[in-house]
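Colleague: Dropping a structure here in structure tokens format, bear with me for questions.
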Amino acid sequence: MKKTAIALLAWFVSSASLAATPWQKITHPVPGAAQSIGSFANGCIIGADTLPVQSDNYQVMRTDQRRYFGHPDLVMFIQRLSHQAQQRGLGTVLIGDMGMPAGGRFNGGHASHQTGLDVDIFLQLPKTRWSQAQLLRPQALDLVSRDGKHVVPSRWSSDIASLIKLAAQDNDVTRIFVNPAIKQQLCLDAGSDRDWLRKVRPWFQHRAHMHVRLRCPADSLECEDQPLPPPGDGCGAELQSWFEPPKPGTTKPEKKTPPPLPPSCQALLDEHVL
């Protein structure tokens with residue numbers, strides 16, 4: 001009985017945490033010229049494009065979640081990157097979450113992906129295209145060792161490194177988030193061509209995918225860009241700090257109440273949802 005109660009409590013907590021946000025009630029892009037508004041973790045988008053789910057160069061995972069919307073620049077980036085990967089014989093690029101039709105906050109799994117400028121891409125490059133069943137329930141390939149200190153050699157490949165490098169060399173890309181162990185391996189393998197490593201940033205989790213972020217489009221006047229990453233390849237003390245044990249007394253940060261929406265995003269919600 002006690003176990004059942006605990007299980008039910010866990011289910012209720014999980015269900016509450018995954019309660020739908022107002023943004024999920026918007027099922028189609030908001031008409032208008034493409035405008036990314038606000039910050040990556042507190043914003044929205046007008047005039048989002050839909051990434052075509054049929055392509056010779058990429059495949060879209062979990063299409064039932066309808067998270068394949070983004071700024072036209074993001075759609076073009078995905079098409080550009082996957083074409084380059086195909087030309088180099090790397091394999092099929094697997095596209096994960098982009099954003100919802102009007103952007104905005106997800107009910108779980110992402111703090112960002114709100115302005116149509118973020119995309120998750122699996123760090124797998126299958127030579128044979130995945131079936132629809134595989135795409136709907138994708139199996140992530142964990143590239144990082146259990147202790148988090150290095151990649152698993154049998155799962156790492158130069159093709160994966162090439163895909164990340166291709167993305168980082170794209171002029172529209174400002175950041176790529178990967179696990180610290182993946183960044184470390186890229187640093188070891190890079191050789192003398194290292195400028196692109198500046199954009200590759202170590203971050204929690206991200207053991208099986210990279211999270212690519214584009215710069216704010218020049219004509220999205222209400223879009224808030226992040227500062228550029230620090231100069232250098234990011235392979236020194238900053239990276240090594242990720243592998244050090246937590247300092248005594250360190251606790252996980254408490255979840256914060258979401259900040260107020262940018263006025264244009266609130267107006268969008270008021271018109272289309274509330």
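FYI, residue positions are counted from 1 along the chain as it appears here.
Glycine residues also receive a Cβ, built from the backbone N, Cα and C atoms like all the rest.
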Colleague: Between CYS44, CYS187, which residue forms the disulfide that Swiss-Prot gives for CYS235?
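Modeller: Going by Swiss-Prot, CYS235 is disulfide-bonded to CYS187.
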Colleague: If you pull up Swiss-Prot, which of CYS44, CYS216 shows a disulphide to CYS265?
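Modeller: Swiss-Prot says the disulfide from CYS265 goes to CYS44.
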Colleague: State the three-class DSSP label for ASP147 (Zn(2+) 2 binding site), counting H, G and I as helix, E and B as strand, and everything else as coil.
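Modeller: For ASP147 (Zn(2+) 2 binding site) - judged by DSSP and reduced to three states - the answer is coil.
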Colleague: Out of HIS110, HIS113, which has the highest number of nearby Cβ atoms, where nearby means within 10 Å of its Cβ, if these are the binding-site residues?
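Modeller: Of the binding-site residues HIS110, HIS113, the highest Cβ count within 10 Å belongs to HIS113.
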Colleague: Measure the Cβ-based neighbour count of ASP120 (Zn(2+) 1 binding site), defined as the other Cβ atoms within 10 Å of its Cβ.
Modeller: 21
Colleague: Mind checking how the region 'Disordered' (225-274) divides into helix, strand and coil residues in DSSP?
Modeller: 15 helix, 0 strand, 35 coil
Colleague: Cα of CYS187 (disulfide bond) to Cα of HIS110 (Zn(2+) 1 binding site): how many Å, rounded?
Modeller: 27
